Amino acid sequence: MPGKTTFVLGGARSGKSVFAEQLVEQSGLDAVYIATGQAYDDEMRERIAAHKQRRGLVWTTVEEPLDLIGALRSHAGEGRAVLVDCLTLWLTNLMMAERDIAAEIARLAAAIPELSGAVLFVSNEVGLGIVPDNRMARAFRDHAGRLNQAVAAAANQVYFIAAGLPLKMKG
Amino acid sequence: MPGKTTFVLGGARSGKSVFAEQLVEQSGLDAVYIATGQAYDDEMRERIAAHKQRRGLVWTTVEEPLDLIGALRSHAGEGRAVLVDCLTLWLTNLMMAERDIAAEIARLAAAIPELSGAVLFVSNEVGLGIVPDNRMARAFRDHAGRLNQAVAAAANQVYFIAAGLPLKMKG
Amino acid sequence: MPGKTTFVLGGARSGKSVFAEQLVEQSGLDAVYIATGQAYDDEMRERIAAHKQRRGLVWTTVEEPLDLIGALRSHAGEGRAVLVDCLTLWLTNLMMAERDIAAEIARLAAAIPELSGAVLFVSNEVGLGIVPDNRMARAFRDHAGRLNQAVAAAANQVYFIAAGLPLKMKG
């Protein structure tokens, strides 16, 4: 594990989760997976199942849709690598629960430097297409951009993933 | 200010405007901000206000929705850094005014090398999502891609911004 | 031609086709263009015509909407550079023809290392916008991401193109 906090940003089906999982596996640390996705529908259930299968049995899996900061504080620690997959699903859950997004982003950014051990965040870049028609999608896009900026600023290493390949942006 | 013309490309909420503003502030040059955005609705008004607040008081602000080339010729000059934010809003305005987009892009590309002082252009990358359903959005996407290519070709330095971090693509 | 298989990934109107064409022209090899796009509508016809015009007369052009692997086996060879433009249109055609996409991707990935001469693939990155509303567009996005990952893994060189400028991601 080269740095303490690693941020892996990429598009849909870019290979970002696999890349982050490989970083954890190469670290030799005890692996904890914090899944922020809830099994809302069959499509999501399939994705979570595929992720579980790929990660194999040596991982501890935690499902935490909303209290990500609490889950990080409980599970991060020396000798462990905690992988959060992903921040954009956490954001979706926060918006559905009508939380104060700016406050949640600020809390997460403040919590990151206090966590011990290795922590990896996976997130989607969603701001590189045409402006969405509906206001909710625009709000999501704005929040996601701010969340990604905040975590990238707090991270020691940042990778942008496209077609399964990493571009190092920081660290 | 390392080069004469700088092009800053990024997604929505990628931190591209802040990055460009920091380049200007670090340059020590007299700062001019050319806002191409018109305050069409509350959402836009809020964004322009946030931009103004962030830039502080030492900037000269010019609002020019259509005659960007004229504004550049009037304001660019030795000892000054002119920041255009952003090209995709200018393109939106040109399309609404039913201008000849290819001709406007060609005029801008021809004007850039003749400007003196430092000039910085901020623009959105909008071509990395799914093909939009409606023809107008597809036309916008095509024009934006061509505009970005033309300005990148004319620029001395090009940065791609994601999550607030720059990737240098040229210069 | 620096490597054997080159993958050029980029957004709409990013300049990816021109970049790939320039690699072929600089190679001095006999140039073959495999067009996967079918002239479905006027918009597409215009694009194919513009591509043909830009490529000039020294290229051999092959139109192959579905049997890309067969076309590659027929046309790739020592002394030749075969440019496939583009993989995402091939994917569209496969989905319209209700083919087994995972199987087609696996067949292409297996075929690539057996081709001789230089082969270049152009493809669109479509996963960096907001999640599309309709299931078909989400399926396309997922397939495109997996296809791009598979070809990037099989390629010797990978470039990401934005605003006409290349970022080398592999090779």
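Keep in mind that glycine also has a Cβ here, set from the backbone N, Cα and C atoms.
Note that this is a predicted model, so its numbers are computed, not measured.
For reference, TrEMBL has these:
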BINDING   A:10-17, A:35-37, A:52-55, A:E63, A:D85  GTP binding site
ACT_SITE  A:H51  active site, GMP-histidine intermediate
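Contacting chain C by the Cβ rule (under 8 Å between Cβ atoms), the binding-site residues A:K16, A:T36, A:Q53, A:E63 reduce to an empty set. Ranking the binding-site residues A:T36, A:Q53 by other CB atoms within 10 A of the CB puts A:Q53 at the bottom.
Every protein chain considered, the tally of other Cβ atoms within 10 Å of the Cβ of A:K16 (GTP binding site) stands at 26.
Contacts of A:E63 (GTP binding site) defined by a Cβ separation under 8 A and a same-chain sequence distance of 6+ are given as A:I34, A:A35, A:Q38, in order along the sequence. Annotation note: A:T36 (GTP binding site) sits in a coil segment as assigned by DSSP. Counting every protein chain shown, the number of other Cβ atoms lying within 10 Å of the Cβ of A:G10 (GTP binding site) is 29.
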